[in-house]
Amino acid sequence: MIKKIAVLTSGGDAPGMNAAIRGVVRSALAEGLEVFGIYDGYQGLYNNKIKQLNRYSVSDVINRGGTFLGSARFPEFKDPNVRAKCAEILRSHGIDALVVIGGDGSYMGAKLLTEEHGFPCVGLPGTIDNDVAGTDYTIGYQTALQTAVDAIDRLRDTSSSHQRISIVEIMGRHCSDLTISAGIAGGCEYIVASEIEFNREELIQQIERSIIRGKRHAIIAITELLTDVHSLAKEIEARVGHETRATVLGHIQRGGSPCAFDRILASRMGAYAVDLLLQGKGGYCVGIQNEQLVHHDIIDAINNMQRVFKADWLKVAKRLE
């Protein structure tokens, strides 16, 4: 029977992480468990930055963006000796289980602690990219989506005033859920997704045809890392004769107060993680599918499960362009 659990946030921050921490802490305390916060992710664990938390430690955090526990990239965790030391530190505090909030990289760390050291871990999907398998939505995605749509709305105001073409680069790496969803909600004329091969010439020809039909301005939503958007803007302007500007939303998408959906999702997932650990179920990750909370073997989720590309959403977006 577990008596003490710890929680950490790892990788890129996401709105709603604080709500998830709160869900873990207060649910665990309600079950008579002691809870410890690990500051600055796996790096903080390695440096023994561990502090006991109480219910007041998570007061007034549900509405705050970021993560009050802090986060950090820690590639050194790939070293088996580093992981062994981390497991030893956890046990030196009498900690019986760990909740990890983050993306795929964070899950991998939890997987290795479970596999190599038999340490019960539960992963919660915390990333704005929505690129974690086994869940329809990740914590932070809906808030980041609203941030992107708000930016697109503002860009449309100025683009329409100046008959300008605006390119908006949206986060997501190899997952275009944010781009596709923001493109639909923002009424973008063109959406460029990372899952589909990017054809610059085809895009420019589409814009040229739109201008011939009388289009006076346009918004192009594109997933990051596909191309240099500033170079693309110059090429479009030279070819079509319309002023073209690129805006990189960047890390602004990670900040801000989490929306109601993310606060509720994170709170539910945090409580669910504690329930799993109380049932003796370590080595799992939590997701939401068809509005129901679910859990998957974390090893299976990393090695075998594939995130579902929203091809039907992109098809709708293309029809609405």
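Including glycine, each Cβ sits where the backbone N, Cα and C put it.
From a predicted model like this one, the values you see are computed outputs, not experimental measurements.
Annotated features in Swiss-Prot:
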BINDING   G12, R73, F74, G103, D104, G105, S106  ATP binding site
BINDING   22-26, 55-60, R156, 187-189, R213, 215-217  ADP binding site
BINDING   D104  Mg(2+) binding site
BINDING   T127, I128, D129, R164, M171, G172, R173, E224, R245, H251, I252, Q253, R254  substrate binding site
ACT_SITE  D129  active site, proton acceptor
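Feature map: Swiss-Prot annotations on the structure.
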residue	record	CB count, 10 Å
R22	ADP binding site	26
R73	ATP binding site	13
F74	ATP binding site	22
D104	ATP binding site	17
S106	ATP binding site	29
D129	substrate binding site	26
M171	substrate binding site	24
R173	substrate binding site	15
R213	ADP binding site	7
R254	substrate binding site	20
**Prompt:** Where the distance is taken from Cα to Cα, which of the binding-site residues Y56, G187, I252 turns out closest to G12 (ATP binding site)?
**Reply:** I252
**Request:** Can you figure out which of G105, T127, D129 (the binding-site residues) comes closest in space to V25 (ADP binding site), comparing Cα atoms?
**Result:** T127
**Asked** Is I252 (substrate binding site) helix, strand or coil when read with DSSP?
**Response** helix
**Message:** Please identify, among the binding-site residues Y56, R173, H217, R245, I252, the one with the smallest Cα-Cα distance to S106 (ATP binding site).
**Reply:** R173
**Complete:** Per the 10 Å Cα distance test against D129 (substrate binding site), the binding-site residues Y56, R73, D104, G187, R213 reduce to none
**Complete:** Residues lining the ATP site besides G12, R73, F74, G103, D104, G105, S106 (CB within 8 A of their CB center) are S10, G11, G41, G102, G109
**Asked** Within 10 Å of the Cβ of G105 (ATP binding site), how many other Cβ atoms are there?
**Response** 18
**Item:** Entry from the binding-site residues list V25, I252 having the most other CB atoms no farther than 10 A
**Value:** V25
**Asked** Among the binding-site residues Y56, R73, G187, whose Cα is within 10 A of the Cα of R173 (substrate binding site)?
**Response** none
